[in-house]
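One structure below.
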Amino acid sequence: MEVCYQLPVLPLDRPVPKHVLSRRGAISFSSNSYFFGGPAPRQLAKRRGAISYDSENQTALYIRMLGDVRVRSQVGFEPEPRGSHPYLYVDFRTLHSRPQSAGPVSARNVRRLLSFQRYLHSSRFIRGIPASNPLGYILDDDYTGQAKLMLEKVGNWNFDMFLFDRLTNGNSLVNLTFHLFNSYGLIELFQLDMVKLRRFLVMIQEDYRSLNPYHNAVHAADVTQAMYCYLQEPKLAETMTSCDLLLGLLAAATHDLDHPGVNQPFLIKTNHYLAALYKNSSVLENHHWKSAVGLLRESALLSHLPTEDRLNMEERLGSLILATDISRQNNYLSEFRTHLDKRDLCLTNGRHRHFILQIALKCADICNPCRPWKLSKLWSEKVTEEFFHQGDIERKHHLEVTPLCDRQSNSVANIQIGKVTPLNLSPL
């Protein structure tokens, strides 16, 4: 079996560690299984075992096998020799490889693993075997009962994204966004391939840096949920087109894609290549936008649309993401106030609708203080932690410490006093 992580091998006659007994899931196989593409089942009569993973460590897999089995790892780990059995070979990389692709598999693709169960479901779908619920195999595999109940109230402003992320095993952005696409009927309207959509959402979630305390996939999911709340407002719900809805949700999900966890001034003063690439202007926002376009093209999600429509959607997506640049906030607020004073906003006008989407995304991006206190406090702690981490790096390398990022002179409380949100003070 070929896998992508270092795996400890436990014989069946050895006790399983107690912490593994609380595992989230497992895969079992026995002599009557020919899933592995090997010879006749009778040749596997003495081969059986299980794979489980620990609830405390999602990357720690425990394999228990009977007989001489060798586990080969891409990262160079080789357990003690137990013989080699080609009929137990499973290459996870093929689950996400493109058809007729002879090129080398990138490290990114190696990290994108489908479960055995979803692979089987996808295979049935590709072969044209009908299912009672075409979307069910994607939804049901990931959602627990509690997560499904939460999604019934996804339009509630008190939605707890931290809890939802735990219930979905760290897949809040994928599951929430897919659910919203399905709820709005965007999959059918735009004739989106569900496998491509799922792959695209997984790639988005992976490209958020999980080590960032604040700018991670959970934040992106939270902004997407807030965007949905705004889109549900009666005047917007009545006037927004399906294309507006698609772009609004995509922009919310990708607005901080591949965020490095530091702000624009930090990138500029350290001569980061992104600052040079985007000429010190909306550096992060341009990077988020181009990263999103890259994933759209890599996944081929919109490849069936006419080229002109596809390019237009990419440009509009960029316009939405660039609006989240906090250094340009006064420009948007001034224009918004002018429209309100003149009472000339007309949501049947495409340009006006797009402007309202920009304002909605900006509001969703910095809406944390408007959430219930329990959630607002958590978000404030996380964004402050990220600020302080940047300050620590600056101090370590003898750079001028950004005022809000200095843990020696600031605290979560005094950063918040008199401010709408810490994000208003630094062009993250």
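Just so it is clear, glycine is given a Cβ too, placed from its N, Cα and C backbone atoms.
What TrEMBL records for H215 is active site, proton donor. Under the heading AMP binding site, TrEMBL lists H215, N216, A217, V218, H219, D256, D365, Q416. Under the heading Zn(2+) 1 binding site, TrEMBL lists H219, H255, D256, D365. Positions annotated as Zn(2+) 2 binding site by TrEMBL: D256. Positions annotated as domain 'PDEase' by TrEMBL: 139-428.
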Rounded distance in angstrom between the Cα atoms of Q416 (AMP binding site) and the residue listed as 'active site, proton donor': 18
Neighbour tally for A217 (AMP binding site), based on other Cβ positions within 10 Å of its Cβ: 24
Candidates H215, H219, H255: member of the recorded positions with the richest Cβ shell (10 Å): H255
Residues flanking the Zn(2+) 1 site, with Cβ no more than 8 Å from the Cβ centroid of H219, H255, D256, D365 and excluding those residues themselves: H215, A220, V223, A252, H259, T324
Cβ neighbours within the same chain of N216 (AMP binding site) - under 8 Å, at least six residues apart: Y208, R209, S210, H259
Residues that sit under 8 angstroms from V218 (AMP binding site) by C-beta distance, when 6+ apart in the chain: M161, F162, D165, S172, L173
Confidence summary for the domain 'PDEase' (139-428), mean pLDDT rounded: 93
Number of other Cβ atoms within 10 Å of the Cβ of Q416 (AMP binding site) across all protein chains: 17
H255 (Zn(2+) 1 binding site) versus D365 (AMP binding site) - Cα distance in angstrom: 9
Residues satisfying Cβ distance under 8 Å from D256 (AMP binding site), sequence separation of at least 6: Y208, H215, H219, A220, V223, L284, H288, T324
